[in-house]
Ligand SMILES: NC(=O)c1ccc[n+]([C@@H]2O[C@H](COP(=O)([O-])OP(=O)(O)OC[C@H]3O[C@@H](n4cnc5c(N)ncnc54)[C@H](O)[C@@H]3O)[C@@H](O)[C@H]2O)c1
Ligand SMILES: [Zn+2]
């Protein structure tokens, strides 16, 4: 550089070496230093600073100013002056993407940055990772510097050279190792960092110390409050830039950061590319990352890692590698930095996405961890604080991981062998021992100390007061206390003793602080103790009053009677102290413990009401004696009664070298009880007869009386249980002195022989829960009876094998959980829910149960995720029909079999065949029981021999025997369908009146019906309602529009659907075309039936809003309503007669915008199950329903589909949030289709909605997704949504949701925005001016709101006009008629099979093939013929057909008839030769050429279908010359439905049709126009992929037909 860089202010930095270079520089207020260093060390033509807009707000201008002032001072020498550029990105993880990278690169390219550019990444990990990756690849790599601004970035992401971006497939999947030239850490920048982000970084700091440096960890553990304070107090005037201006807090902060970075830098240097050692920094990350994958971005990386740290530590504890002490220290340390330590933390548990965290999911995500070894998962295991189990991650089996992750556990029953153990230390004794040893002289090793918040806080405060020194030994099992002999100093000014919410510590320390003496070096005038908000409300008044009266100078700093307190260092005077002990015995213990250090001996007099908790006072006195001070309690000389007056001598405690803290006696009851119940033995090592704790009497007071052998020394208790099953009930046990142990006694009493009465435990109603109630309720689940009374309860013991395992709810009460785990050691399948509740007193209880007691404990996941794949349905499994006689089983079975192409077996007919006698006769000869038995056996045989591809129609009485019912239930449980055919009873009675072939009922039919109906329901999986009439409110209403066709179509649809053979789903959905459903908002859908075609025009499905249904019987059709199941079933059946569109069954709750009560989960579930049994195609399942219900529906759904839905009316939910993402993920897990409906506030919401949907739909394997906004502002989203857009119709009384539009409106909108270009359609041929096709198509276009037109193009030959037309881009398709049906073929690219066979084209369809458009020739004539026939006669029921004529149309007729399964086709033509030709060209079809009409060979069934293509004018009913004569014998078929089609258009009634009407009542007729219509509908559908609204279109066409031209 030409000119030297000007100087800059004095700056002290700590330098850390990484990869052999001191490139990490840490300090405060570094901007000038950074600019100077960069310009000197990294000469370049361009410096580009990249940051995010959050950070730029605070720091960009100082960089800009500094750079500009330095650069402008440089003389313009021979070199061009370097440039300084800056570029900002949006804050947040989403910037770390391919798009984000491209944007930065484009900026660099736009500004012509070259290889010698230096990039400065100023920001958090997002900026660092993104910019680092850009630097790695821009111009094949340019130099860059990290200037991390978040704590996470400082201690973690900036160090090590890892750079990356995210993709939708996962985080950090694309990146590079690229080392920065410098890392500048300016800790002053943390002052602007939000405190949650600071905590986020602290997770990494704690992690690093945990794996590497116990001392460092110790300081994090005890100095959390100071560390926080360092970033919360702004440093003015660049304080801290030089060491002389640096505060203590800044020093601490810097040392924490430097310490953490040094470890990482060291590890990176040894293992730069993460081969082994570097894996250690992944402690907490294996599980943490998996959690993060689900919760990101709502929950931050460090927060997930914090939870991961604890789970991974628990894993090592479970494996016996790490002690609970260390787990406890980790937990408390992370908590102190405000980090969550478990998934039940409300910050996490309350998120919608928390639902997605399941063991299975976490394990699944963990599979793709880079550390893994093949399929083995590797996790860093801690062996103690500061050290790992191996110098690398260790292999851990999935079973262990899932045990740690599971929220519940089960115990595998077993018999422990001889158990000898200690249980966790008593909390009260631990706290006292700490104070005593700290005050005492000499070194004391405390063993079995309970690690709790109290002890933690107490130790930190005692260290702060310089009253003692603490050290951990044996990886934290032993605490070494170097006693301070009662000397303390006032903490430095501004330093408060923060006691969090630790009550015992606050009480004990208040007196301890009065012991502090003045010293000349004191900075502060008083000691201040404070706590959190809750602590500031807890009472301390009586103690302060007593101490003040004794001369101590104590002030309340906030509210009277509570912390914080300011205590002057005057020492404790001593003498007489009066204290009220009715609130807490801890005040008494506090004074007692400190009393020996007063100036004068103390006489403590307890005044006021009753002294509470005397045992705790006795405990304190006993422990003081162990430390060498004897307290005397005065007695009344006259009565000898003990007085509440204590004399304490002055002196000092003499520390015993070892002090074993007694185990918690309540905890000890559990292992002892396990010995008692399993007939084994157990020794608890440090609780004996000398114990200070009441619950220590449990062994003798309870277990001995129940028949155990108990031996107790002063310090040990051993219990031998009687043989299993021989525990004795105890008539009455008073447990007042050991109330906490009553739960343990209660579970033992449950298996004792007789009744046990436990008294003296009334206070247990107000513990963590109402424990008496809890025990009663949970024991009831095992089948154990109890009786509650004021003072306790009675338990009626039961033999062990009479108890059945149960899921135990633990009420978040550790004692409930541990007590029931005693029972679980004997009773299989007992599941203890909420396993974490034991943490309060025995965090590693489950591990100890397994590792020390020897009973296997397994993790259980209660809410296992449901998978939305179809259940175990086997498509070919036979269908069984059951139901009352006369419901139409045979009729329906027949139709079903023909629809499925299966075989129908009628069990009665089959019975007669097998037994060679009629059912009636068989019953007559052998009686009913024998018949039922034979019938059941036959059912069994049928199911085994005809288990596939059959429809089995059973007799009505089959459900009378239990065996048969079981057979049917088994069938459904194996995925088979049992269909209950239901028909109105009155109809059945009427029908049976005329039918007598089967045995009569010996009792009134209504009685039989009543008895069997529940059985039918219980044995069936589905219900088919044979609706001959609609039932409205129980009355039969014959619907004139009802035709047999409706029933037939419905039978086919129903069975195709429920068997899964050919489910009724709209093709548009699978083809990815736009699809719509019409929301029906009628209270009674029968009102809509006559208009159904018009209403549903354009719709691919119909939604039945079940919550809106109201029958006339619903006297009070108010807002919230639950419609009756029978009414709903009838409504569905009624709809089914007029439409075969798929139905969506929706029970919308009030909170999601419907009318169904919000909390009626069970009722909603029942209705949704009803829908599944009715074979409804889609059910809408609100995701706010309980998980269990959603799972049940998924398991039961068969081939129906679940629309998993969320509706937000509040307008609060936005598409670009993690909530939306979480909701999507939940819905995707449970549903086949995802539906999310939010409320739009602005147009932007629609774009966000679109963007979100696009992002989700691009995911691999994405499910169909309905994403829309409600409200007028949301209408655009309805237009743009592609899957199942809800629509309304102007004919409907109300819309289902605000902003809903009609199909036609949506199409018009699509057209206007360019999504639906207008097309032209044509008719080619001549003469065509009378054609009805323009009327047909144009009215259909109009009804659907489509922008297309249909035009005549009359030409006598296939000319240039036609060629030009079909080549035009707006050509939508054409109909082709005479004379072009053949000539057109050469212009087309492809023919459909039908067109090929018929050798003629009547329809041209343009089809997109990739990017090109091809023209396909089709023939829909046959479809018209087929449609007319199929709407009257079921497929497979055409015995024979007659076709008259042998031209092109006859070809189409033959093609259609063959497709419909006609067994034989008779062909007549005036010239036989042409008929023979036609026959010859269809060699695979059974065609018989006939010469004479109406003469059928004898012995065969005459045809039931006739199709004529002869012009009507050439035919006659008289025997005239030149005219074809139709004899009445054409219509000889009389056995069932039959149809005659005359393809001639005019006249309306041709001779052929007239003859049928006159002579053949069973023959239906179809006119030419009808067939024209049918083929036109087919054409329309091929062109638009939309159903043609047939009825309304037909009305228009008929009108045109009759109108004079
Ligand atoms: N490369 C690695 O080795 C590595 C390691 C760990 C994490 N990471 C990555 O780091 C990213 C997370 O980093 P992060 O936590 O720093 O997130 P971040 O960059 O998003 O920063 C967090 C938030 O704090 C703001 N912020 C940062 N510093 C600030 C300051 N001084 N004052 C005010 N606001 C400030 C940011 O604008 C942002 O809103 C993730 O993408 C993660 O994958 C990378
Ligand atoms: Zn991390």
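Note that Cβ sites are derived from N, Cα and C of the backbone, with glycine treated the same way.
Values in this document were obtained by computation on a predicted structure and should not be read as measured data.
Copied over from TrEMBL:
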- 52-54, 93-96, 124-126, 129, 149-150, 171, 200: NAD(+) binding site (BINDING)
- 140, 156, 162, 172, 204-207, 264, 278-282, 285, 301, 370: 7-phospho-2-dehydro-3-deoxy-D-arabino-heptonate binding site (BINDING)
- 204, 285, 301: Zn(2+) binding site (BINDING)
- 883, 884, 885, 886, 887, 888, 889, 890: ATP binding site (BINDING)
- 201-372: domain '3-dehydroquinate synthase C-terminal' (DOMAIN)
- 1323-1404: domain 'Shikimate dehydrogenase substrate binding N-terminal' (DOMAIN)
- 1-398: region '3-dehydroquinate synthase' (REGION)
- 1318-1605: region 'Shikimate dehydrogenase' (REGION)
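Feature map: TrEMBL annotations on the structure.
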residue	record	CB count, 10 Å
52	NAD(+) binding site	20
94	NAD(+) binding site	14
125	NAD(+) binding site	25
140	7-phospho-2-dehydro-3-deoxy-D-arabino-heptonate binding site	7
150	NAD(+) binding site	27
172	7-phospho-2-dehydro-3-deoxy-D-arabino-heptonate binding site	16
200	NAD(+) binding site	27
281	7-phospho-2-dehydro-3-deoxy-D-arabino-heptonate binding site	23
884	ATP binding site	23
889	ATP binding site	30
Residue 206 (7-phospho-2-dehydro-3-deoxy-D-arabino-heptonate binding site), number of other Cβ atoms within 10 Å:
27
Given the binding-site residues 206, 285, 301, 885, 889, state which is nearest to residue 129 (NAD(+) binding site) when distance is taken between Cα atoms.
301
How many other Cβ atoms are found within 10 Å of the Cβ atom of residue 887 (ATP binding site), counting all protein chains shown?
25
Mean pLDDT, the region '3-dehydroquinate synthase' (1-398)?
90
Among 278, 285, the most crowded of the binding-site residues [Cβ within 10 Å]:
285
Using the Cβ centroid of 204, 285, 301 as the reference point for the Zn(2+) site, which residues of the same chain not in that list have Cβ within 8 Å?
152, 156, 203, 207, 284, 288, 289, 302, 304, 305, 308
Neighbours of the ATP site 883, 884, 885, 886, 887, 888, 889, 890: Cβ within 8 Å of the Cβ centroid, same chain, sequence order.
956, 981, 983, 988, 1026
Taking the Cβ of residue 885 (ATP binding site) as the centre, how many other Cβ atoms fall within a 10 Å radius?
19
Which binding-site residues among 94, 140, 886 have CB under 6 Å of ligand 1?
none
Work out, from DSSP, the number of helix, strand and coil residues along the domain 'Shikimate dehydrogenase substrate binding N-terminal' (1323-1404).
29 helix, 19 strand, 34 coil
Fewest other C-beta atoms within 10 angstroms of its own C-beta: which of the binding-site residues 54, 890 fits that?
890
Once the chains shown are all counted, how many other Cβ atoms turn up within 10 Å of the Cβ of residue 96 (NAD(+) binding site)?
26
Quick one: of the binding-site residues 125, 150, 200, 884, 885, which has its CA closest to the CA of residue 278 (7-phospho-2-dehydro-3-deoxy-D-arabino-heptonate binding site)?
125
Spatially, which candidate from the binding-site residues 52, 54, 150, 281, 301 is nearest to residue 883 (ATP binding site), comparing Cα atoms?
301
Can you tell me the three-state DSSP label for residue 883 (ATP binding site)?
coil
Return one of helix, strand or coil for residue 96 (NAD(+) binding site), based on DSSP.
coil
